[in-house]
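J.: This is the structure I have questions about; it appears just below.
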Amino acid sequence: ATLPPTMEDLDIRQVAGTWHSMAMAASDISLLDSETAPLRVYVQELRPTPRDNLEIILRKRENHACIEGNIMAQRTEDPAVFMVDYQGEKKISVLDTDYTHYMFFCMEAPAPGTENGMMCQYLARTLKADNEVMEKFDRALQTLPVHIRIILDLTQGKEQCRV
């Protein structure tokens with residue numbers, strides 16, 4: 001899959017701390033369509049490791065409960081691209097962040113029958129909805145090599161796994 005343009009000068013230390021999933025987008029609705037869909041994960045915290053890998057603390061729904069888990073994202077030569085082993089090897093790329101308010105990232109997500117599916121999220125430091133950033137996220141999605149659209153707008157806060 002062709003990867004989206006990323007932040008070439010990402011400073012991994014500055015993304016540390018609490019984040020909230022505000023919106024999820026995907027190239028295929030099946031990736032996110034149910035509460036237990038495999039990529040419907042809610043990011044809680046990013047923890048850079050001493051070796052510049054990134055531990056991602058997240059929650060997802062399993063058997064009607066929210067399960068906390070973590071994924072270790074291994075750094076690559078590109079500071080904004082990480083490899084994770086989550087249902088197979090996948091690339092995560094950071095599209096954009098200002099470190100203090102928002103971060104957009106995408107993960108390769110081959111849906112059944114497609115090679116280059118993708119799931120993207122808009123993360124925010126607080127739960128306060130920001131329409132400007134949401135529009136910016138939407139514009140960022142339009143630059144991607146695959147057709148992708150916002151499927152879940154979480155700014156209304158109805159999701160149970162979102163803290």
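Placement of Cβ uses the backbone N, Cα and C atoms for every residue, glycine included.
Found this in Swiss-Prot, in case it helps:
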- CYS66-CYS161: disulfide bond (DISULFID)
- CYS106-CYS120: disulfide bond (DISULFID)
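Just tell me what is around each of these and how deep it sits.
T.: In this structure, CYS161 (disulfide bond) belongs to neither helix nor strand by DSSP; it is coil. Sequence-distant neighbours of CYS161 (disulfide bond) (same chain, six or more apart, CB under 8 Å from its CB) are GLU35, TYR42, ARG59, LYS60, ARG61, CYS66, listed in sequence order.
Cβ-based neighbour count (10 Å, all protein chains) for CYS120 (disulfide bond) stands at 25.
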J.: Name the residue among the disulfide-bonded residues CYS66, CYS106 whose Cβ has the smallest number of other Cβ atoms within 10 Å.
T.: CYS66
